[in-house]
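Peer 1: I am attaching a structure below and will ask some questions about it afterwards.
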Amino acid sequence: MKLEIINSQIEAGQKGLQIFKQAIQQGAQVFGLATGSTPISIYDAITQSDLDFTKFISINLDEYKGLANNHPESYHYFMNKYFFSKKPFAHSYMPNGLADDLKSETKHYDQIIEENPIDLQILGIGRNGHIGFNEPGTSFNSQTHIVNLTDNTIQANSRFFDSIDQVPKQAVSMGIASIMKSKEILIAAYGKEKAQAVKEFIEGPVTEDVPASILQKHPKVTVILDQAAAALLSKK
């Protein structure tokens, strides 16, 4: 696990861009993408660069159940706003949260991942150590699955909605085993509210109580942290 401690979001974006460039130089063609505030600075740097993704494939981590693709809080909308409208891919895959049969959708999505192994996966981490929508207690062997969001995650996401009642209670998420198949992983965290989760996933035991802790077992992980998120680490 390689740690990169940065002083600003702009610096984080440049670090992320550098990792994308290196991956492409090494032959990467399939990129696993994430949503939320954490990757925005990286996406900003990428979309302002000269990188061309028109021959590549993107596969997103997750999507809420029940939100239309054009809903401002859907992850389809997010990705179009921050990435795809500026840097399109040959194919962009995202879970279909509107599917009539979500169970079939999860199997279909696993097939997509199987046919398009991810070269570089972007991740954020939740305050409780979740990655994607894989909440504490999720099996490390999990594939793409339907998730019942925890009260903490619903509360954290409520800032994006007019009221907490509008926050979706379920999502479709790539599983932890699916994520771990990626050849390379870039995970980022910023702010003091992430410091405890960062300490636990980097220095704590590998446990399903902290889903991100499984990344200790992955052969190629880069962690981008600001000073606040890294504050509780004993080794930096």
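A Cβ is built for glycine as well, from the same backbone N, Cα and C atoms used for every other residue.
The active site, proton acceptor annotation in Swiss-Prot covers ASP62, HIS130. For ASN128, GLU135, the entry in Swiss-Prot reads active site, for ring-opening step, with the evidence type sequence analysis.
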Peer 1: If you count the C-beta atoms lying within 10 Å of each candidate's C-beta, which of the active-site residues ASN128, HIS130 ends up with the smallest number?
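Peer 2: Minimum Cβ neighbour count within 10 Å, taken over the active-site residues ASN128, HIS130, occurs at ASN128.
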Peer 1: When you measure from the Cβ of GLU135 (active site, for ring-opening step), which residues in the chain that are at least 6 apart have a Cβ under 8 Å away?
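Peer 2: Once residues fewer than 6 apart are set aside, GLU135 (active site, for ring-opening step) is near ASN128, VAL147, LEU149, THR150, THR153, PRO211.
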Peer 1: Name, in the order they occur in the sequence, the residues of the same chain whose CB lies under 8 A from the CB of ASP62 (active site, proton acceptor) and which sit 6 or more residues away.
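Peer 2: In sequence order, the residues whose Cβ lies under 8 Å from that of ASP62 (active site, proton acceptor) (at least 6 apart) are THR35, TYR75, PRO95, GLY132, PHE133, VAL147, ALA171, VAL172, SER173, MET174.
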Peer 1: With DSSP assignments reduced to helix, strand and coil, which class does HIS130 (active site, proton acceptor) get?
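Peer 2: Looking at the DSSP assignment, HIS130 (active site, proton acceptor) belongs to neither helix nor strand, so coil.
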